[in-house]
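Undergrad: Sharing the features that Swiss-Prot gives for it:
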DOMAIN    371-640  domain 'Radical SAM core'
BINDING   385, 389, 392  [4Fe-4S] cluster binding site
REGION    670-747  region 'Disordered'
């Protein structure tokens, strides 16, 4: 892997003399107070501006400020006109546009395509403060305001839509976001390196159209430049020329080949022979090789080609060996440079050590921003995830190589949070990242890591080259909880339990000191079919971890419970799989509080399965095995009903399905049955989805969540089966006795 220029080695821009601002300005008045006559760079974002390293606009803004640039923020502008996009004036260098920390469509719509009633990234949690496809709208308004100013597109929405992608909300393949956004260049993934490099080059007078060699960027060009070797991957199932089958009954002396051999003339002198070049171009280095994907027009009309393109894209994600990609859109090409080089520990410390205020901008007054409230007292210790779950975008966006901060940097941030953030009570709500326990876990050999093309380091089993030592993380936990003024360090990030069982010492440390009653883990399913499509470990690994968790909890004298996450309707899931999951849930005393159906997000491997019915984890052909897909609303409701098998509202649907599946034996009023024969009046039943507002009650076994909200579970009656008395009351009610009283239905 080629070395990258360290972020702190660039010369500072002349405006460094102004020094860091208390907050990056959001108005002309703030610019005047700072003594600025203009901004060099203006960041437009769909989120409220929170000056905290968990928010993208703060990290990019502070990093550019540290390079000497004057950076302004336009947060959640009114997109109905260009006026809000002009309130800070014309930027000297460029507009940086991002939809926010989430894809704007996922932020606004549920997996069932219903409009959400709130937005966690807006003051007061109000919905409707950003448009659908915000990256497109903001980019177009910036160009409308100042047509000659470069627009640089970034953020997770743009990153995952950089290629022709399936759009769940329109149920079609859309072209690259670059073709619709009128942006000049797109930065994908963690964009610190790319944005600093481009800002420096634009400041030196280079045209944005000439910047085509920065890793982690995508842009439009007409043709492949000279000196590049192009690999054609636009088709699949391309057999070579097949030789004619020889008839074994024909006398070889009668064939034309023999006649030619006998009449062959003088042999060519070997001294006069010349080497013939068979390849159109000699093989060049990977740095000068580009893979041509099927065009937008082809993948739009051919789901199998779409799956093939998705497979090639994911095979080219390791920064150590990835090649450039190109995809034709009409008369032009969209070109994708290889992914950015991961940041070193020193660079991570540099980025997270900026002078963040760690609070929302004062312009929001006392209005609370739910996303900030959730991470207010948390610390991010690393980036990246090598799990490779096919339904998740973290690996695609942050990369498979873990980027770690040093212990000193993390401890300094905890101390700063303790001393600066109002309301700190001594409890750090999370010390983690995309995954709680991948800190400093990496391949044993940098050379192997550089050449690896596996989509996951832990599926189908933990790679023998992966160093699963958790000692550095254990040491960090001990240092953090020893700090004066820190009472408790909680771990709220999702735990990769298949890694944790490799280190019993880590599990003991975690369970003894860092669990606040509940610990989130994500088995996602119990059946092998969907788990293989998700690239998740078998349920047996969960059982091993559960044994460890309960053992160490008992030794610590603590009442603690696991909160497992499950997904309904994921590609590869059959009705029988969901039935078996429901039986497992009942057998283990779990009752789902919230239910999440699979959400096809742009560019995810599972989304390619959903759209194409093929499995991109293996070589894709027109004849390759298909994947079971759950698309109809009725079947999605059924799969969610299996997860909430205890909810009377879903019982009619479950009875019908069980009879159709030949499993009517599961309908009855005994403990071994899944659904009862009676149907109580559920008119007063309240949905558990009510805005995630019910506070958590006392700790009880049997809770589980199937939405990855990060919020605490709500109180319920736990996972206890109905008592005989409850069953008798419900049966009597169903038969018409005691009509004046509702049965006590556990929720």
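Residue positions begin at 1 at the first shown residue.
Note that Cβ sites are derived from N, Cα and C of the backbone, with glycine treated the same way.
Computed from a predicted structure; not experimentally measured.
Provide an account of the burial state, proximal residues and distances for the features listed.
TA: Within 10 Å of the C-beta of residue 392 ([4Fe-4S] cluster binding site) we count 20 further C-beta atoms, all protein chains included.
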Undergrad: Grab the pLDDT values for the domain 'Radical SAM core' (371-640) and give me their mean, rounded.
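TA: Per the prediction, mean pLDDT sits at 95 for the domain 'Radical SAM core' (371-640).
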Undergrad: Can you name the residues of this chain that are 6 or more positions from residue 385 ([4Fe-4S] cluster binding site) yet have a C-beta less than 8 Å from its C-beta?
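TA: When sequence neighbours closer than 6 are ignored, residue 385 ([4Fe-4S] cluster binding site) has 392, 394, 395, 398, 400, 402, 434, 435, 438 within Cβ distance under 8 Å.
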Undergrad: What is the total of other Cβ atoms whose distance to the Cβ of residue 389 ([4Fe-4S] cluster binding site) is within 10 Å?
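TA: Result for residue 389 ([4Fe-4S] cluster binding site): 22 neighbouring Cβ atoms inside 10 Å.
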Undergrad: Starting from the Cβ centroid of 385, 389, 392, which together make up the recorded [4Fe-4S] cluster site, report each further residue of the same chain whose Cβ lies within 8 Å of that point, ordered by sequence.
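TA: In sequence order, the nearby non-listed residues are 387, 388, 391, 393, 394, 395, 434, 435.
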